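Since the structure comes first, as structure tokens, the remarks are kept for the end.
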Amino acid sequence: MGLKAALPKYEIYFYNTVLCLAMFWATSWIFEVSSSSANRKTFKTSVKPGWYYFGRKMETADFEWLMWFSTFRDHIIFALSGHVLFAKICSMLAPQYRSLVYMVYGLLAVWTSMGWTYVTLILSHCILLYSISLVKIRWLCFVTGLCTLATFKCEPFISWQAGFVEGDFELRPVFFYGGCGFTIMRCMSFALENCERKDGNYNILELLKYNFYLPFFYFGPIMTFDKFYVQVNRCDLTRKEREMWNINLHGVIHLIVIIVVDILFHFMYILTIPTDLKLMKHLSDWALVGLAYFNLVYDWVKAAVMFGVINTVSRLDHLDPPKPPKCITMLYVFAETHFDRGINDWLCKYVYNYLGGKHENMVEELVATLCTFGITILWLGPCQVVLVWAFLNCFGLNFELWTGKFFSVEPFSSFEMAMSEAMSRRIRAIFNTFNFWSIVLYNILALNSLDFAKLVAKRLLLKGFPITTIIVMFVTYCLIQVIKEQERRQALIDDPDPLPPAPPPNGEFKT
């Protein structure tokens with residue numbers, strides 16, 4: 001079945017209607033629970049007085065969101081504004097030196113915020129991996145990079161390296177781990193690209209320009225060295241038609257989303273409620289299922305906005321950064337599941353695609369996924385939740401391949417060929433429905449807790465069976481069909497069907 005398989009319009013309208021009603025119903029349950037539980041003792045640390053205009057308490061459970069858009073908003077705006085200002089001046093006066101200006105400004109900003117000893121620590125890692133890259137042995141670069149990354153995940157190496165940071169401000173741990181972690185991944189990208197280079201080696205100055213580009217330094221996203229090198233050294237800085245309009249539009253959209261999320265924090269405490277298991281056990285099935293879904297949607301919104309702000313700055317620098325992650329609402333296959341497209345691109349380029357080839361051989365695919373999730377575990381930090389999350393997602397990715405292989409042989413392939421494209425799309429959507437909830441349950445493990453995931457699964461599959469299970473799966477089926485319809489329309493835009501041949505003119509006879 002192709003992406004262009006269409007369903008009747010009335011059927012699509014029905015799916016959209018069911019989906020909207022279900023979303024409204026789940027939202028109303030969460031709003032009711034949030035309103036009635038605002039004064040609970042367990043909510044005191046994360047639900048505090050909000051905006052005066054609403055007269056309601058506001059959820060403050062997400063440290064990252066508060067850091068970016070409340071507590072340290074002015075500091076971040078000041079640092080990024082300075083970068084944009086100096087970058088613009090350099091682009092106008094001496095565009096050939098703009099990458100050098102990016103590096104100098106980023107180096108000074110890191111020095112100012114974390115101290116010269118921290119800069120020394122970062123430079124030592126850069127020099128180490130640069131030296132290894134000169135040998136041009138791919139596996140050695142990988143081993144060195146992963147061992148270096150591991151030193152930030154286990155004692156006594158963490159404490160020893162953390163001693164290089166001066167000062168005792170609130171963002172110190174965030175900047176330390178963010179800057180060091182992303183530095184190692186960038187240095188590994190540089191080293192692996194240097195191994196692929198046939199003639200000579202890249203200069204260490206190129207590594208420093210790549211690593212100390214301030215918008216990407218502390219929080220990512222990761223842009224592989226080959227793309228960064230080509231784009232940052234491009235001298236032609238002319239923009240495409242309406243490019244600045246699109247950049248400004250994205251900036252306005254991000255601002256609107258930030259305001260909308262802050263408003264919703266006054267009415268829906270989706271991050272605080274899952275921490276109170278006593279309250280969770282008394283919630284309705286709809287409230288519980290809605291919480292699981294909205295938690296993933298919020299995490300995507302947060303990632304899209306934070307990366308979007310950084311990407312807007314980098315686009316002003318004439319770069320093409322990694323796109324924001326794909327919305328969880330649009331995911332129904334494990335192969336497209338990720339919350340950080342930069343890390344995802346890095347892993348696909350250097351591990352998953354490199355080892356998996358065309359992803360047709362099941363043994364190669366298993367080795368590729370095991371290695372990919374092994375590095376992901378090291379990146380996130382080994383712990384019980386991360387190990388369980390990695391195992392389940394690795395299994396899901398391989399199970400998709402096994403299932404696809406199984407149903408591509410006879411007699412199943414003949415059955416699908418015999419049915420219409422619309423019926424094939426409906427049957428596939430049924431299987432995708434179960435896949436969708438597997439993705440949701442597996443990922444709320446990492447975003448919330450194992451207890452929350454177990455409670456949702458138990459209520460959805462056991463206690464709620466059969467009524468809740470059937471209703472939720474049907475609503476999810478409607479969601480999958482809405483997603484497939486959007487994919488169909490996009491496929492028609494990207495690859496339009498050929499026009500039918502023009503009719504012969506009057507008086508012309510066919511022979």
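Any Cβ shown, glycine's included, is placed from N, Cα and C.
Fair warning: this is a prediction, and the values are worked out from it, not measured in the lab.
Matching 65-87, 364-386 against TrEMBL, the residues noted as transmembrane segment span 65-87. Highest Cβ contact count with the transmembrane segment (12-31) among the listed stretches 251-271, 291-313, 429-448, 460-480 falls to 460-480 (criterion: pairs under 8 Å). Among the recorded stretches 212-230, 251-271, 429-448, the one sharing the largest number of Cβ pairs closer than 8 Å with the transmembrane segment (460-480) is 429-448. Taking every listed stretch (65-87, 212-230, 251-271, 291-313) in turn, the largest tally of C-beta pairs under 8 A with the transmembrane segment (429-448) is reached by 291-313.
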